[in-house]
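Trainee: Straight from TrEMBL, here's the annotation block:
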DOMAIN    9-39  domain '4Fe-4S ferredoxin-type'
DOMAIN    61-94  domain '4Fe-4S ferredoxin-type'
Amino acid sequence: MTEFEKILNDLKNESSKCISCGFCDSVCPTYKSSGYDMAKTARGRAQTGLNVFREITLNDLSLNVSDTFYSCLDCHVCLQVCPTGVDAGKISDIVKAIISEKYKKLQKPEVNLIIENIKKYKSPVPLKKVSYEWLGHIKYGRSDTLLYTGLMYQLMPYTENMERMRKKLGNKLFHIMISMASVIPVFSRFGRPDKRMLDRTNNTLIHIVELLNKSGISFDVLGYNEPYPGTLLYDYGYINDFKDYITGVYNILKNYKKVITVDPHTYNILRYEYKKYIPDFNIDVYYYTDFLNKSMFTNSGKTVAFHDPCHFQGNTEYNGAINIISSVAKAVKPERNSNLTYCCGGPDELLYPDLSMNISKNRYNQLIEKSQNIITACPICSYSLSRNGNVNDLADFLVKCIK
Ligand code: SF4
Ligand code: SF4
């Protein structure tokens with residue numbers, strides 16, 4: 001059996017588990033937020049997955065199925081309620097891998113550009129000097145511990161800028177510009193990001209460093225040479241490119257015993273996906289709250305609504321962030337929480353901005369019902385939810401609680 005036949009077989013096996021009971025419909029964020037589009041539920045993805053398998057086996061893939069699978073948030077919430085254990089995130093990952101391997105014509109121009117940029121610049125978007133300003137405000141030095149940002153905070157101002165340009169140009173012109181960016185590199189820079197967003201993300205990174213310093217943790221940083229971890233290569237199904245790319249990143253990271261991450265996506269990809277593809281992976285991976293000394297805080301006396309990032313559920317089941325916030329505030333969770341959390345919509349922001357906005361609105365409304373003080377521990381969640389109103393990053397909140 002060839003590698004491609006194995007992938008097709010996995011697609012058939014996972015998709016055919018669906019018994020069409022519909023339990024997943026009520027929990028899938030893309031279903032409600034797309035105006036109840038059946039193709040955007042776990043069951044729709046399973047049924048379309050089976051159609052993709054049949055088409056490819058019998059003839060060729062003629063259906064345009066990109067939107068069904070690229071819009072899946074990979075939040076795995078459907079898996080929690082599915083009686084037969086259908087993993088719609090896995091089905092979406094398989095179809096994306098098939099598209100990236102054999103049906104590139106079904107690919108979105110944004111995806112092509114991001115993949116090329118990661119390979120060329122070691123970042124989905126080439127970063128400007130202003131994104132590194134936080135480095136000038138911190139103390140670091142030689143250590144066997146690395147503070148690895150994965151560039152996630154730094155990328156948020158560029159995401160916002162792309163969205164602004166899309167609104168200004170309209171979808172058609174925006175896609176022409178994106179397609180040109182693959183051949184004319186200057187277009188891939190997307191103008192200058194907004195100063196307010198740059199300040200906000202630089203400040204959060206400075207606050208994370210301040211929290212670690214005050215907890216007595218010393219560490220090194222990679223500065224201007226820090227590479228992106230390759231998460232979008234994985235998320236968009238470019239598995240062979242991902243394997244090659246992470247070998248280079250790992251060669252840098254393996255100079256350290258411990259790696260401290262600052263966002264759930266990087267934490268998840270290093271801890272779980274890198275290990276799958278790098279057999280001798282030998283680094284201890286942490287999230288920064290693992291190192292914080294709770295005795296340095298005073299209780300804020302506030303009630304806060306905490307948004308669980310999807311990547312602190314599923315694989316990771318990481319409770320460090322909610323534990324630390326509970327030590328400085330009364331943390332209230334919205335109805336959808338823990339392993340049934342509701343995605344912030346951020347993963348759909350680049351490809352499906354309207355759907356992403358609807359998801360984030362729905363989630364924001366669930367949170368604001370509980371408290372005006374909304375807190376999250378992920379740059380993507382923080383950016384996505386704050387399009388609806390004020391949302392605090394965990395580090396920004398914690399710094400204010402230092403005695
Ligand atoms: S992984 Fe999330 S977005 Fe995808 S089908 Fe399941 S619940 Fe819906
Ligand atoms: S809950 Fe599972 S079996 Fe039921 S419709 Fe959804 S994916 Fe299919």
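Here the Cβ of each residue, glycine as well, is placed from N, Cα and C on the backbone.
Explain the structural surroundings of these features, please.
Mentor: Distant neighbours of the domain '4Fe-4S ferredoxin-type' (9-39): 1, 45-50, 52-53, 67-68, 71-73, 75, 77-78, 80-88, 90-91, 94-95, 98, 336, 340, 342-343, 345, 348, 355, 358-359, 362-363; these residues of the same chain sit at least 6 beyond its ends, with a Cβ under 8 Å from one of its Cβ atoms.
Panel annotation: around the domain '4Fe-4S ferredoxin-type' (61-94), residues 7, 10-11, 14-15, 17-19, 21, 23-24, 26-30, 34, 39-46, 48-49, 51-52, 55, 102-103, 106-108, 111, 235-237, 310, 313-314, 339-343, 345, 347-348, 351-352, 355, 359 of the same chain, lying at least six beyond its termini, place a Cβ under 8 Å from a Cβ of the stretch.
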Trainee: Summarise the domain '4Fe-4S ferredoxin-type' (9-39) as counts of helix, strand and coil residues per DSSP.
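Mentor: Looking at the domain '4Fe-4S ferredoxin-type' (9-39) with DSSP, the answer is 18 helix, 0 strand, 13 coil.
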